[in-house]
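Trainee: One structure follows; several queries about it will come next.
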Amino acid sequence: MVVPLNTYVLISNFKLVYNLLRRPDGTFNRHLAEYLDRKVPANANPVDGVFSFDIIIDCSTGLLSRIYRPASADEPQPNITELMKPVTSDVVPIIIFFHGGSFAHSSANSAIYDILCRRLVGFCKAVVVSVNYRRAPENRYPCAYDDGWAALKWVNSRSWLQSKDKKVHIYLAGDSSGGNIAHHVAMRAAESGIEVLGNILLNPMFGGQERTESEKQFDGKYFVTVQDRDWYWRAFLPEGEDRDHPACNPFGPKGKSLDGIKFPKSLVVVAGLDLTQDWQLMYVEGLKKAGQEVKLLYQEQATVGFYFLPNNNHFHTVMDEITQFVSSNHE
Amino acid sequence: MVLYDSSALSAGSGGGSGNSSSSSSKHPQTDIDGLLAGAGYKVRSSELTQVAQRLERLDTAMVNSPADFTQLASDTVHYNPSDLASWVDSLLSEFTHTSALPADGPGFLIDPGVNQTVPNSSWNDQSAPQIRRNVCFEQNQNHQVTVVTAMEEDSGIRLVHLMMTCAESVQRGDLGMATSFIEDMQGLLMRVNTVCGIGKVAGHFIEALSRRIFQVVGHISGSSAYENEILYHHFYEACPYLKFAHFTANQAILEAFDGHDCVHVVDFNLMHGLQWPALIQALALRPGGPPFLRLTGIGPPSPDGRDCLREIGLRLAELARSVNVRFAFRGVAAARLEDVKPWMLEVSANEAVAVNSIMQLHRLLGSDSTRNSPIETVLGWIRELNPKIMTVVEQEANHNQPAFLDRFTEALYYYSTMFDSLEACPLQPAKALAEIYIQREICNVVSCEGPALVERHEPLAKWRTRLAGAGFRPLHLGSNAFKQASMLLTLFSAEGYCVEENEGCLTLGWHSRPLIAASAWQAAPDGASEVGLINGGGNINNNDAL
């Protein structure tokens, strides 16, 4: 099993930083977090064929999103007034992306997520909307989901994001906590009749009260500990709730049934060295049992964060699958 | 195990797919890791390993003293987090000042707070991992470093991997690379328990490798005979190997001398004569009375006018007198065994001769193409003497291989096992010096070549062939010897040692790995040995030796 050296350095660094930020009393050193987080500004000038800009989606909550678009060949320098020019292809997937960070860390303008979103645009020829949702512990459940839902409604109502059929072809995607958010936003969409074409969940963050085999087996071995997972759930879930809360454990004892619900097809990526994999696999099983379409991509030798740097096979495998996933509806 | 190749670590702009970050795609400093740059961190590719090590160090420290760490978080001033190497270093130095973590430095520092103890870890012990998340740095064919994280590997095995890779560089002649591995290993040693287990052995091997790389000629190769004897004595005391050797040889000699009134023992390495009191006493108790015992002790010349051999002889004579054994001693001083000529031994015709070699024959295996190999010379005149018995005890290891890496690997395994066995022995002052004795062997095996390399251990199978070819036939060490050796072990009462019988020879080892082998030989009758005639001539009697 090998982790490339630079990936190792990157993720170890995150682990170290995150350890510095979490306090045993459940509070979070937000000031230091923002200082240490490597952020990049949006760039309306295309770089490698992708440009980005930030917009406010909801003034009342200050919800920002960063939008990434492919630059068109014939217009290398988009005008500031043309940032929201209508998409030109017949079919353009719009991927609403929720960054990871266990509900507490990172932002839409974090460097690691900025590059990831740019790569998604490149691979999928999509527009990516990266949502800067409110984070724990300052903003607990359901703030992140509310922000996701707000972003979804906003995206769905943008005429400039419509494909030729006058519909916005929406996909929800996210890694870690972002994957969890994608699921719950998709639930709300299904209940409200907004069509989501697919969910892409990269190492989604789920959990439960029970301690699973993978948690015991991998505790502390690959950058993540059960202890830190517990901390983040305590920070996100409503006070006094345990990890069987449906936000954390959607197919657990308090979960809602998905039977008969028009839930989007899902692509779930699970890293074989992730201690939460048992919960992720149970999520996949839960979808299957409810008769929902789901594809599992189990990357046996991958650790958390394998998708941050394009220096391993898992990265490319997963990117190819995602590309196919958002294009399979279109022939 | 899949290793990623160097192109995955390409510096320069962005990654393979061309979708680089929004920052500039040109990096003036070509050594900066392009992928990490996209993530907002400027780290030189050449520094990646170090940064990784330090991150790990901080992680371990955090695990061990979380309170100090939280303090660190709130108190430290964080300069430029993008300069990851400096940021990590500043954290590390902050932490060093606020806690028990030892600062970087030479030598083996043991911090019980930081180091995870690897109790009694033998080479094959793959049970509970000792440190939770572990990193091993390996080189693939393209000389690129990748990081291996493996669940069950502990620091000890990482060290082993590093040592092997270093030895391989040495064999290739890439001393620059080997040197950097030495540095890595010395860093790793700081975080490993070097009081016992693989950390301790690793320390010795790394030292030996350093000596080889930096061509250190020092006290080890030029140590005094006096020092050697002291260390040998402590090695004798601390663990059962030499006791086993003496015991087994004496038993065989005793049996061979049965019925003879004049006996002559030639000891190839007298040292303090530790082997002989037991034989003298056994002869004293022989039914029918003791023989007249002559002992010829070979040893290095004594410095400054003393005659150490004679002094030992006198003490043995005292003992012999006290048990009524007629005894005569003669010392033969020779710097090397091959300098001894049979006439010096003054063997008379009516004596039953026993030649006793405890870990000496292998020293004769260095060959010089311009002359007869010393081993053949010496074996030749031994055979000429037609001894009643030749007792041979040798390290059961294959350290005489021409390729350095093979030798290194074998030695690592052998001495790890030996150190493990030493750990099982009761704690006594003798252990520390016994260790130094072993360490000197290690140093010779690893850092020396040519005439300086004297620890040319060969396994029993090879000795069998060699001795048969030199005109000897094996004498089976009887079941008596086996029983006595096993009893010795029980008396010694350290769990884990085992005596085994191997086609008439006895071995003593640790947990099924034999470490020392004892055998007995006699000159084969003329004509009976066709194999391997000395010097290719038809004449077995090698007159050239005289």
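Including glycine, each Cβ sits where the backbone N, Cα and C put it.
As annotated in TrEMBL:
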type: REGION; residues: B:1-33; note: region 'Disordered'
type: COMPBIAS; residues: B:1-11; note: compositional bias 'Low complexity'
type: DOMAIN; residues: B:33-98; note: domain 'Transcriptional factor DELLA N-terminal'
type: REGION; residues: B:232-297; note: region 'VHIID'
type: MOTIF; residues: B:263-267; note: motif 'VHIID'
type: REGION; residues: B:311-343; note: region 'Leucine repeat II (LRII)'
type: REGION; residues: B:353-444; note: region 'PFYRE'
type: MOTIF; residues: B:361-365; note: motif 'LXXLL motif'
type: REGION; residues: B:447-522; note: region 'SAW'
Trainee: Do you know the DSSP helix, strand and coil residue counts for the domain 'Transcriptional factor DELLA N-terminal' (B:33-98)?
Mentor: 50 helix, 2 strand, 14 coil
Trainee: Sequence-remote contacts (6 or more beyond its ends) of the motif 'VHIID' (B:263-267), Cβ cut-off under 8 Å?
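Mentor: For the motif 'VHIID' (B:263-267), the nonlocal Cβ contacts are 253, 257, 273, 275-276, 279, 283, 291-298, 345, 347-348, 351-356, 387.
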Trainee: Tally of helix, strand and coil residues over the region 'PFYRE' (B:353-444) according to DSSP?
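Mentor: Here the numbers are 54 helix, 13 strand, 25 coil.
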Trainee: Averaged over the whole of the motif 'VHIID' (B:263-267), what is the pLDDT?
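Mentor: A mean pLDDT of 96 is what the predicted model shows over the motif 'VHIID' (B:263-267).
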